[in-house]
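Feature annotations, reproduced from TrEMBL:
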DOMAIN    12-65  domain 'C6H2-type'
BINDING   218, 316  protein binding site
BINDING   235, 246, 373  Zn(2+) 3 binding site
BINDING   246, 309, 342, 373  Zn(2+) 4 binding site
């Protein structure tokens with residue numbers, strides 16, 4: 001994917017720290033519209049090493065700006081944030097885009113991107129929105145067997161991701177906005193020393209995905225308040241110690257109708273049944289057969305456009321894990337592999353449509369959709385759920401009560 005207008009040309013700019021060609025740029029300098037010279041860096045290491053001295057240019061720029069009255073200042077901040085997202089996060093509009101909405105839900109304006117402290121290790125898309133290593137990696141074509149030290153990092157990162165999702169689950173209630181949920185995810189991730197992997201990944205503007213009602217996946221947190229009777233999926237990924245941990249759950253908001261309760265519980269059961277089959281020697285394509293069988297028995301359909309994926313030092317890599325029947329996934333499971341299973345189950349037809357923001361996938365008929373996800377490790381004897389619920393996880397699913 002091509003970079004946006006803020007992308008830095010490495011052939012014309014040099015690192016402010018060491019003078020090497022510089023493909024990265026300080027996001028605060030971009031926000032303040034400061035000159036690119038002196039704001040470009042060759043790596044995260046040079047950026048962090050320069051931070052204590054470099055940040056002074058931000059305060060100088062702010063203090064040297066002409067004073068404005070409070071009304072003008074508020075108007076300026078509203079123009080920078082709280083607009084509608086377009087072009088996969090690369091553009092904003094003050095007006096609701098025209099679209100043949102499939103259900104009752106419509107997008108609301110989104111806030112500005114949340115900042116990341118300089119001491120946090122960041123993936124290579126954090127500054128300019130463009131993954132560099134992932135698209136061309138050999139791990140897009142063969143499934144990595146993780147070394148013991150990688151597995152231990154995955155365990156640690158996935159536990160953090162679980163704790164972050166649990167923090168989000170505790171605040172879900174009627175009246176809270178999905179932007180406020182995103183703030184909880186962002187702050188909890190930073191507090192644990194991690195980076196929220198979705199943030200600026202291919203220009204995604206927020207730190208988690210929040211998918212409400214007919215949204216299948218990749219919903220962008222915005223200013224809409226959750227309403228009594230909604231369902232909302234929160235999808236969290238954390239980058240920590242060089243690896244990613246990914247999970248999501250669908251939650252009830254207040255009093256939810258019986259049909260939505262059945263859909264969410266069925267989706268949970270689809271994931272559990274799929275996980276129970278994971279062990280060395282099982283074909284990846286078997287996962288889709290298991291999920292499709294259970295969902296169709298309940299009268300629901302399986303989304304085909306999105307699938308589970310390999311994960312580790314890369315956010316997305318081989319294998320692909322389709323969730324539907326008669327899929328063409330290749331390969332068999334082996335001990336040491338890590339991947340996600342994340343079925344998306346619809347109350348109506350399986351087909352999806354894309355909103356004008358370029359991220360939000362919704363059901364074609366406007367009926368509700370639910371999803372659950374875990375990051376898994378194939379062991380010698382079966383499977384370890386790296387993002388498993390903890391004894392401290394909130395008790396939000398009635399069917400888990402004894």
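Here the Cβ of each residue, glycine as well, is placed from N, Cα and C on the backbone.
On the structure: features taken from TrEMBL.
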residue: 218; record: protein binding site; CB count, 10 Å: 22
residue: 235; record: Zn(2+) 3 binding site; CB count, 10 Å: 23
residue: 246; record: Zn(2+) 3 binding site; CB count, 10 Å: 27
residue: 309; record: Zn(2+) 4 binding site; CB count, 10 Å: 19
residue: 316; record: protein binding site; CB count, 10 Å: 20
residue: 342; record: Zn(2+) 4 binding site; CB count, 10 Å: 26
residue: 373; record: Zn(2+) 3 binding site; CB count, 10 Å: 24
- [ ] List only the single closest residue to residue 309 (Zn(2+) 4 binding site), chosen from the binding-site residues 218, 235, 373 by CA-CA distance.
- [x] 373
TODO: Sort the binding-site residues 218, 316, 342 by C-alpha distance from residue 235 (Zn(2+) 3 binding site) and give me just the closest.
DONE: 218
TODO: Between the Cα atoms of residue 373 (Zn(2+) 3 binding site) and residue 342 (Zn(2+) 4 binding site), find the distance and write it as a whole number of Å.
DONE: 4
Open item on the list: Can you tell me the CA-to-CA distance separating residue 316 (protein binding site) and residue 246 (Zn(2+) 3 binding site), as a whole number of Å?
Closed with: 10
Open item on the list: Need one number: mean pLDDT over the domain 'C6H2-type' (12-65).
Closed with: 66
Open item on the list: Quick check: which same-chain residues outside 246, 309, 342, 373 lie with their CB within 8 A of the centre of the Zn(2+) 4 site CB atoms?
Closed with: 235, 247, 248, 308, 311, 340, 341, 374, 375
